[in-house]
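The NAD(+) binding site annotation in TrEMBL covers Asp86, Gly87, Arg91, Asn160, Glu161, Asp190, Thr201, Ala202, Tyr203, Ala204, Phe205, Ser206. For Asp86, the entry in TrEMBL reads active site, proton acceptor.
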Amino acid sequence: MTDRQRTVLLVVHSGREEATDTARRVEKVLDEHGIALRVLTAEAVDKGALHTGSDDGREFGVQIDLVDPDTGAAEGCELVLVLGGDGTFLRAAELARSADIPVLGVNLGRIGFLAEAEADTIDRVLDHIVARDYRVEDRMTLDVVVRADGEILDSGWALNEASLEKGPRLGVLGVVVEVDGRPVSTFGCDGVLVSTPTGSTAYAFSAGGPVLWPDLDAILVVPNNAHALFARPMVTSPESTIAIEVESDGHNALVFCDGRRKMLVPAGGRLEVQRGVTPVKWARLGRSPFTDRLVRKFRLPVTGWRGQ
């Protein structure tokens, strides 16, 4: 009995010339090893990165399976391979999570904190994929619910953060922050971020939050430009429920999950955030510590270190 056809979904930031060249290298190597490649239709055709428009879906002799960019695009694949920056990775993670398969990032962006490798190591990455030589770890997510008058209005999830924000050109957003059913503080602000450890190096970091190591189980709450004496970031239990109530006599607010999925929180409504039921599976190629990645990505000075 033969094994089921191996298939990899490729998600590309196809606006970059480097991404196009790297994607074609991926196509060639995977085809040589009998691994089918699946590509999102919009990336292959609309942006011209991978597919020239031939009727049989071939590019340089490589068979490409074109799929619609919906949540089922990764079904039946063993891995989602990402060529791009953190924004492209977050888009791919949505597809990987729904199919319960790992996602592996190759950085073509500026920082690429979520990526496992850089573009100049693509051949090594492909060797690992062909040999199935990678570890898979679960990364914590957040489940997000919007309520008003006791009714659920909307729901979503986030890998990095759920960001409650005031509307454009509106005044200060008045909120009450609640942890595990108890009020913590009321203040005016531009918004409040609720982040995972993975997201602590993203928007939450820019808003003044601490860096959390990704293997730490915790939820991070970071006020954004708050007008209050006590408006410091808080690190809570991973089992905590974080709620943020919007003043009933104030403005409507918006929630952005990973900067991609948007929900409206009406005045008087509340945002509730808990640890997500479904994690994102993360493909890891090595065992280099997070500390090294932090130093490398943020270009932190370590001159004078004398450790062994």
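Glycine too: its Cβ is placed from the backbone N, Cα and C atoms.
Taking the Cβ of Phe205 (NAD(+) binding site) as reference, residues of its chain lying under 8 Å away and at least six apart in sequence are, in sequence order, Val211. Counting only same-chain residues six or more apart in sequence, the Cβ atoms lying under 8 angstroms from the Cβ of Thr201 (NAD(+) binding site) belong to Phe113, Val211, Leu294, Lys297.
Within 10 Å of the Cβ of Arg91 (NAD(+) binding site) there are 18 other Cβ atoms, across all protein chains.
Listed binding-site residues: Glu161, Tyr203; maximum Cβ neighbour count within 10 Å falls on Glu161. Across the annotated binding residues for NAD(+) (Asp86, Gly87, Arg91, Asn160, Glu161, Asp190, Thr201, Ala202, Tyr203, Ala204, Phe205, Ser206), the two most widely spaced Cα atoms sit 26 Å apart.
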